[in-house]
Amino acid sequence: MSQPPAAHVPVLYTQVLDGLQVTENGTYLDGTFGRGGHARGVLEHLGPGGRLLVMDKDPEAIAVAEHSFGGDARVSIHRGSFAGLGQVVAAATVDGILLDLGVSSPQLDVAGRGFSFGKDGPLDMRMDPDNGQSAAQWLAQASEREIADVLWTYGEERQSRRIARAIVARRAEQPLLRTAQLADLIASVMPRGDSKTHPATRSFQAIRIHINRELADLEAGLDAALDALKPGGRLAVISFHSLEDRIVKQFMARYAKAPPSNRRLPEAQPFVPTLQLVSGAIKADDAELNVNPRARSAVLRVAEKLGVGIRNSGLEERSKRIPNPQSPIPASQGDAQ
(Lines of atoms letter the chains of each structure in order from A and count residues from 1; the text may use other names and numbers.)
(Lines give C-alpha, C1' and ligand atoms only; values in the text may rest on other atoms or scores of the structure.)
Protein backbone atom coordinates (compact mmCIF):
# COMPACT_ATOMS: atom_id res chain seq x y z
CA MET A 1 0.00 0.00 0.00
CA SER A 2 1.39 3.41 -0.99
CA GLN A 3 1.88 6.10 1.60
CA PRO A 4 0.64 9.71 1.40
CA PRO A 5 2.97 12.57 0.59
CA ALA A 6 4.92 13.77 3.61
CA ALA A 7 3.66 17.36 3.23
CA HIS A 8 0.11 16.41 4.16
CA VAL A 9 -0.91 13.52 6.39
CA PRO A 10 -4.51 12.47 5.70
CA VAL A 11 -6.24 10.72 8.56
CA LEU A 12 -6.68 6.92 8.36
CA TYR A 13 -5.17 6.92 4.86
CA THR A 14 -4.59 3.18 4.46
CA GLN A 15 -7.88 2.25 6.14
CA VAL A 16 -9.84 4.53 3.80
CA LEU A 17 -8.29 3.05 0.66
CA ASP A 18 -8.82 -0.47 1.99
CA GLY A 19 -12.43 0.36 2.77
CA LEU A 20 -13.18 1.85 -0.64
CA GLN A 21 -11.56 -1.10 -2.47
CA VAL A 22 -10.59 1.11 -5.40
CA THR A 23 -10.74 -0.62 -8.79
CA GLU A 24 -8.79 0.41 -11.87
CA ASN A 25 -11.77 1.52 -13.96
CA GLY A 26 -14.07 2.66 -11.18
CA THR A 27 -15.68 6.03 -10.52
CA TYR A 28 -15.00 7.63 -7.13
CA LEU A 29 -16.01 10.83 -5.39
CA ASP A 30 -14.10 12.63 -2.66
CA GLY A 31 -16.66 15.00 -1.18
CA THR A 32 -14.17 16.78 1.09
CA PHE A 33 -10.99 17.29 -0.93
CA GLY A 34 -9.15 19.39 1.65
CA ARG A 35 -5.53 19.17 0.54
CA GLY A 36 -6.05 16.02 -1.48
CA GLY A 37 -4.29 13.35 0.56
CA HIS A 38 -7.00 10.72 0.18
CA ALA A 39 -7.76 11.78 -3.40
CA ARG A 40 -4.14 11.20 -4.42
CA GLY A 41 -4.32 7.71 -2.97
CA VAL A 42 -7.46 6.91 -4.96
CA LEU A 43 -5.92 8.32 -8.13
CA GLU A 44 -2.82 6.14 -7.75
CA HIS A 45 -5.06 3.07 -8.02
CA LEU A 46 -7.04 4.25 -11.05
CA GLY A 47 -6.16 3.28 -14.59
CA PRO A 48 -6.77 5.36 -17.73
CA GLY A 49 -10.45 4.38 -17.65
CA GLY A 50 -11.00 5.38 -14.05
CA ARG A 51 -12.63 8.59 -12.89
CA LEU A 52 -12.25 10.75 -9.78
CA LEU A 53 -14.61 13.56 -8.86
CA VAL A 54 -13.51 15.92 -6.10
CA MET A 55 -15.65 18.43 -4.23
CA ASP A 56 -15.02 21.06 -1.59
CA LYS A 57 -16.76 24.30 -0.67
CA ASP A 58 -13.49 25.91 0.41
CA PRO A 59 -12.02 27.94 -2.50
CA GLU A 60 -8.49 27.35 -1.20
CA ALA A 61 -9.03 23.59 -1.43
CA ILE A 62 -10.36 23.96 -4.96
CA ALA A 63 -7.27 25.96 -5.92
CA VAL A 64 -5.07 23.14 -4.62
CA ALA A 65 -7.11 20.58 -6.57
CA GLU A 66 -6.81 22.57 -9.79
CA HIS A 67 -3.07 23.00 -9.30
CA SER A 68 -2.53 19.32 -8.47
CA PHE A 69 -4.96 17.57 -10.81
CA GLY A 70 -6.11 20.17 -13.33
CA GLY A 71 -4.23 18.49 -16.16
CA ASP A 72 -5.47 14.95 -15.41
CA ALA A 73 -8.34 13.98 -17.70
CA ARG A 74 -9.55 11.42 -15.14
CA VAL A 75 -10.30 14.14 -12.58
CA SER A 76 -13.21 16.57 -12.47
CA ILE A 77 -13.28 19.33 -9.85
CA HIS A 78 -16.42 20.86 -8.36
CA ARG A 79 -16.72 23.67 -5.82
CA GLY A 80 -19.60 23.10 -3.43
CA SER A 81 -20.80 21.15 -0.42
CA PHE A 82 -21.06 17.36 -0.63
CA ALA A 83 -24.70 17.88 0.37
CA GLY A 84 -25.23 18.70 -3.31
CA LEU A 85 -23.30 15.76 -4.74
CA GLY A 86 -26.49 14.58 -6.43
CA GLN A 87 -26.11 17.55 -8.78
CA VAL A 88 -22.62 16.37 -9.74
CA VAL A 89 -23.26 12.66 -10.34
CA ALA A 90 -26.26 10.68 -11.52
CA ALA A 91 -27.93 8.03 -9.40
CA ALA A 92 -26.23 4.62 -9.16
CA THR A 93 -23.10 5.66 -11.06
CA VAL A 94 -20.38 5.81 -8.39
CA ASP A 95 -18.23 2.97 -7.03
CA GLY A 96 -17.05 4.72 -3.89
CA ILE A 97 -17.61 7.93 -1.93
CA LEU A 98 -15.46 9.43 0.82
CA LEU A 99 -16.63 12.09 3.27
CA ASP A 100 -13.91 13.35 5.64
CA LEU A 101 -15.92 15.57 7.96
CA GLY A 102 -15.16 18.60 10.06
CA VAL A 103 -12.50 21.26 9.73
CA SER A 104 -9.26 20.47 7.90
CA SER A 105 -5.77 20.93 9.29
CA PRO A 106 -4.96 23.78 6.86
CA GLN A 107 -8.11 25.59 7.94
CA LEU A 108 -7.11 25.25 11.60
CA ASP A 109 -3.50 26.22 10.97
CA VAL A 110 -4.21 29.47 9.11
CA ALA A 111 -5.12 32.17 11.63
CA GLY A 112 -6.88 34.21 8.98
CA ARG A 113 -9.60 31.60 8.57
CA GLY A 114 -10.78 32.18 12.14
CA PHE A 115 -11.26 28.55 13.18
CA SER A 116 -8.64 28.27 15.91
CA PHE A 117 -8.80 29.63 19.45
CA GLY A 118 -5.04 29.08 19.63
CA LYS A 119 -4.21 31.49 16.79
CA ASP A 120 -5.56 35.04 16.82
CA GLY A 121 -7.36 35.97 13.64
CA PRO A 122 -10.61 37.40 12.32
CA LEU A 123 -13.63 35.65 13.85
CA ASP A 124 -14.86 34.04 10.64
CA MET A 125 -15.10 30.20 10.77
CA ARG A 126 -16.76 29.86 7.34
CA MET A 127 -15.56 26.93 5.25
CA ASP A 128 -16.84 28.88 2.25
CA PRO A 129 -15.81 32.47 3.01
CA ASP A 130 -17.88 33.76 0.08
CA ASN A 131 -21.22 32.63 1.49
CA GLY A 132 -23.20 32.98 4.69
CA GLN A 133 -22.59 34.84 7.93
CA SER A 134 -19.24 34.86 9.62
CA ALA A 135 -19.06 33.86 13.27
CA ALA A 136 -18.56 37.53 14.20
CA GLN A 137 -21.67 38.56 12.27
CA TRP A 138 -23.78 35.84 13.86
CA LEU A 139 -22.58 36.57 17.39
CA ALA A 140 -23.32 40.27 16.86
CA GLN A 141 -27.03 39.70 16.21
CA ALA A 142 -28.05 36.35 17.73
CA SER A 143 -30.12 36.42 20.89
CA GLU A 144 -28.70 35.19 24.18
CA ARG A 145 -31.07 32.23 24.04
CA GLU A 146 -30.01 31.31 20.49
CA ILE A 147 -26.32 31.46 21.38
CA ALA A 148 -26.87 29.30 24.47
CA ASP A 149 -28.91 26.78 22.48
CA VAL A 150 -26.20 26.46 19.81
CA LEU A 151 -23.43 26.03 22.39
CA TRP A 152 -25.39 23.32 24.18
CA THR A 153 -26.73 21.48 21.12
CA TYR A 154 -23.60 21.43 18.96
CA GLY A 155 -20.91 21.66 21.63
CA GLU A 156 -22.58 19.97 24.60
CA GLU A 157 -21.16 22.89 26.57
CA ARG A 158 -22.39 22.71 30.16
CA GLN A 159 -21.70 26.40 30.72
CA SER A 160 -23.67 27.45 27.64
CA ARG A 161 -25.92 29.97 29.37
CA ARG A 162 -23.10 31.60 31.28
CA ILE A 163 -21.03 31.97 28.10
CA ALA A 164 -24.00 33.32 26.14
CA ARG A 165 -24.67 35.95 28.80
CA ALA A 166 -21.03 37.01 28.73
CA ILE A 167 -21.04 37.31 24.93
CA VAL A 168 -24.16 39.48 24.91
CA ALA A 169 -22.78 41.69 27.69
CA ARG A 170 -19.40 42.11 25.99
CA ARG A 171 -20.81 42.92 22.55
CA ALA A 172 -22.80 45.78 24.12
CA GLU A 173 -19.44 47.34 25.01
CA GLN A 174 -17.41 46.37 21.95
CA PRO A 175 -17.87 44.02 18.98
CA LEU A 176 -16.30 40.57 19.09
CA LEU A 177 -14.20 40.52 15.94
CA ARG A 178 -11.17 38.35 16.78
CA THR A 179 -10.79 34.73 17.79
CA ALA A 180 -8.58 35.69 20.73
CA GLN A 181 -11.27 38.05 22.02
CA LEU A 182 -13.85 35.27 22.06
CA ALA A 183 -11.49 32.63 23.45
CA ASP A 184 -10.34 34.92 26.27
CA LEU A 185 -13.91 35.91 27.12
CA ILE A 186 -15.01 32.28 27.34
CA ALA A 187 -12.00 31.36 29.47
CA SER A 188 -12.73 34.25 31.84
CA VAL A 189 -16.21 32.98 32.74
CA MET A 190 -15.50 29.25 32.88
CA PRO A 191 -15.05 27.54 36.26
CA ARG A 192 -11.48 26.65 37.04
CA GLY A 193 -10.73 22.97 36.53
CA ASP A 194 -7.99 20.46 35.89
CA SER A 195 -8.96 19.74 32.29
CA LYS A 196 -6.15 19.93 29.75
CA THR A 197 -8.70 20.95 27.11
CA HIS A 198 -8.90 24.66 26.32
CA PRO A 199 -12.08 26.13 27.84
CA ALA A 200 -13.18 27.50 24.45
CA THR A 201 -12.95 24.15 22.64
CA ARG A 202 -16.61 23.17 22.81
CA SER A 203 -17.88 26.68 22.08
CA PHE A 204 -15.70 27.11 19.00
CA GLN A 205 -16.83 23.69 17.74
CA ALA A 206 -20.48 24.57 18.27
CA ILE A 207 -20.30 27.95 16.56
CA ARG A 208 -18.40 26.45 13.61
CA ILE A 209 -20.95 23.66 13.17
CA HIS A 210 -23.81 26.15 13.28
CA ILE A 211 -22.22 28.68 10.92
CA ASN A 212 -21.45 26.02 8.30
CA ARG A 213 -24.66 23.98 8.74
CA GLU A 214 -22.42 20.94 9.11
CA LEU A 215 -24.94 18.46 10.50
CA ALA A 216 -27.68 19.41 8.05
CA ASP A 217 -25.18 19.05 5.21
CA LEU A 218 -24.11 15.68 6.60
CA GLU A 219 -27.70 14.41 6.61
CA ALA A 220 -28.28 15.58 3.05
CA GLY A 221 -24.91 14.26 1.91
CA LEU A 222 -25.50 10.78 3.32
CA ASP A 223 -28.84 10.51 1.56
CA ALA A 224 -27.33 11.77 -1.69
CA ALA A 225 -24.38 9.39 -1.39
CA LEU A 226 -26.65 6.39 -0.96
CA ASP A 227 -28.53 7.34 -4.11
CA ALA A 228 -25.32 7.94 -6.09
CA LEU A 229 -23.65 4.62 -5.26
CA LYS A 230 -23.89 1.62 -7.54
CA PRO A 231 -24.84 -1.71 -5.98
CA GLY A 232 -21.53 -2.91 -4.57
CA GLY A 233 -20.31 0.66 -4.18
CA ARG A 234 -18.88 1.75 -0.85
CA LEU A 235 -19.39 4.74 1.41
CA ALA A 236 -16.56 5.70 3.78
CA VAL A 237 -17.13 8.45 6.33
CA ILE A 238 -14.62 9.89 8.80
CA SER A 239 -16.10 11.82 11.72
CA PHE A 240 -14.35 13.73 14.48
CA HIS A 241 -16.90 14.22 17.23
CA SER A 242 -19.78 12.30 18.74
CA LEU A 243 -22.57 14.28 17.04
CA GLU A 244 -21.22 13.46 13.58
CA ASP A 245 -20.43 9.85 14.39
CA ARG A 246 -23.87 9.28 15.90
CA ILE A 247 -25.56 10.51 12.72
CA VAL A 248 -23.33 8.35 10.50
CA LYS A 249 -23.74 5.25 12.68
CA GLN A 250 -27.52 5.59 12.84
CA PHE A 251 -27.78 6.27 9.10
CA MET A 252 -25.84 3.16 8.18
CA ALA A 253 -27.74 1.02 10.68
CA ARG A 254 -31.09 2.32 9.40
CA TYR A 255 -30.45 0.85 5.95
CA ALA A 256 -28.54 -2.25 7.09
CA LYS A 257 -30.70 -3.57 9.93
CA ALA A 258 -34.42 -4.22 10.19
CA PRO A 259 -36.15 -1.90 12.67
CA PRO A 260 -37.58 -3.47 15.82
CA SER A 261 -41.04 -4.95 15.27
CA ASN A 262 -44.06 -3.54 17.06
CA ARG A 263 -46.91 -5.96 17.67
CA ARG A 264 -49.35 -3.07 18.12
CA LEU A 265 -48.84 -1.83 14.58
CA PRO A 266 -49.94 -3.51 11.34
CA GLU A 267 -47.29 -5.76 9.82
CA ALA A 268 -44.99 -3.64 7.70
CA GLN A 269 -43.59 -4.49 4.30
CA PRO A 270 -40.66 -6.91 4.74
CA PHE A 271 -37.42 -5.03 5.30
CA VAL A 272 -34.89 -5.28 2.48
CA PRO A 273 -31.47 -3.93 3.49
CA THR A 274 -29.88 -1.32 1.26
CA LEU A 275 -26.51 -1.31 3.00
CA GLN A 276 -24.17 -3.87 4.49
CA LEU A 277 -21.88 -2.71 7.26
CA VAL A 278 -18.29 -3.40 6.21
CA SER A 279 -16.77 -2.35 9.51
CA GLY A 280 -17.57 -0.94 12.88
CA ALA A 281 -15.74 2.09 14.18
CA ILE A 282 -12.15 2.18 12.90
CA LYS A 283 -9.68 4.37 14.79
CA ALA A 284 -6.07 5.35 14.28
CA ASP A 285 -3.44 3.07 15.78
CA ASP A 286 -0.52 4.21 17.93
CA ALA A 287 1.82 4.42 14.95
CA GLU A 288 -0.44 6.92 13.18
CA LEU A 289 -1.07 8.91 16.35
CA ASN A 290 2.66 9.36 16.82
CA VAL A 291 2.84 10.98 13.38
CA ASN A 292 -0.54 12.74 13.38
CA PRO A 293 -1.94 13.46 16.87
CA ARG A 294 -5.04 15.09 15.33
CA ALA A 295 -6.17 11.63 14.25
CA ARG A 296 -6.95 10.77 17.88
CA SER A 297 -10.63 11.66 17.60
CA ALA A 298 -11.15 10.33 14.06
CA VAL A 299 -13.64 7.49 13.53
CA LEU A 300 -14.05 5.77 10.16
CA ARG A 301 -17.16 3.80 9.22
CA VAL A 302 -17.62 1.94 5.93
CA ALA A 303 -20.75 0.47 4.37
CA GLU A 304 -21.48 -1.21 1.03
CA LYS A 305 -24.61 -0.66 -1.03
CA LEU A 306 -26.43 -3.90 -1.70
CA GLY A 307 -29.16 -2.88 -4.09
CA VAL A 308 -32.55 -1.24 -4.10
CA GLY A 309 -34.07 -1.79 -0.67
CA ILE A 310 -36.80 -0.12 1.33
CA ARG A 311 -35.76 3.47 2.04
CA ASN A 312 -37.33 6.03 4.30
CA SER A 313 -35.53 9.29 3.67
CA GLY A 314 -38.44 11.70 3.79
CA LEU A 315 -38.13 15.13 5.32
CA GLU A 316 -40.05 14.09 8.43
CA GLU A 317 -37.64 11.23 9.11
CA ARG A 318 -34.60 13.40 8.39
CA SER A 319 -35.80 16.11 10.76
CA LYS A 320 -35.77 13.60 13.61
CA ARG A 321 -32.08 12.88 13.04
CA ILE A 322 -30.70 16.43 13.14
CA PRO A 323 -30.13 17.95 16.60
CA ASN A 324 -32.38 20.97 17.05
CA PRO A 325 -30.64 24.01 18.53
CA GLN A 326 -34.02 25.24 19.73
CA SER A 327 -34.44 22.24 22.03
CA PRO A 328 -34.49 23.42 25.64
CA ILE A 329 -31.26 23.25 27.60
CA PRO A 330 -31.75 20.94 30.58
CA ALA A 331 -32.06 22.86 33.82
CA SER A 332 -29.07 20.97 35.23
CA GLN A 333 -26.80 22.29 32.47
CA GLY A 334 -24.96 25.58 32.31
CA ASP A 335 -23.74 27.65 35.20
CA ALA A 336 -25.41 27.92 38.56
CA GLN A 337 -28.38 29.19 36.62
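Just so it is clear, glycine is given a Cβ too, placed from its N, Cα and C backbone atoms.
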Note: Swiss-Prot has Gly36, Gly37, His38, Phe82, Asp100, Gln107 binding S-adenosyl-L-methionine, and from Asp18, Asp56, Asp72, Asp120 that site also includes Asp56
Of all the binding-site residues given, Gly36, Gly37, Asp56, Asp100, which residue's CB has the most CB neighbours within 10 A?
Asp56
Whole number in angstrom, please: the longest C-alpha to C-alpha distance across Gly36, Gly37, His38, Asp56, Phe82, Asp100, Gln107 for S-adenosyl-L-methionine.
18
Sequence-ordered list of residues in the chain of Gln107 (S-adenosyl-L-methionine binding site) that lie 6 or more positions away and have a Cβ within less than 8 Å of its Cβ, or none, is Asp58, Arg113, Phe115, Met127
Need the DSSP three-state call for Asp100 (S-adenosyl-L-methionine binding site) to compare against my parser.
strand
Phe82 (S-adenosyl-L-methionine binding site) CB neighbourhood, other CB atoms within 10 A
28
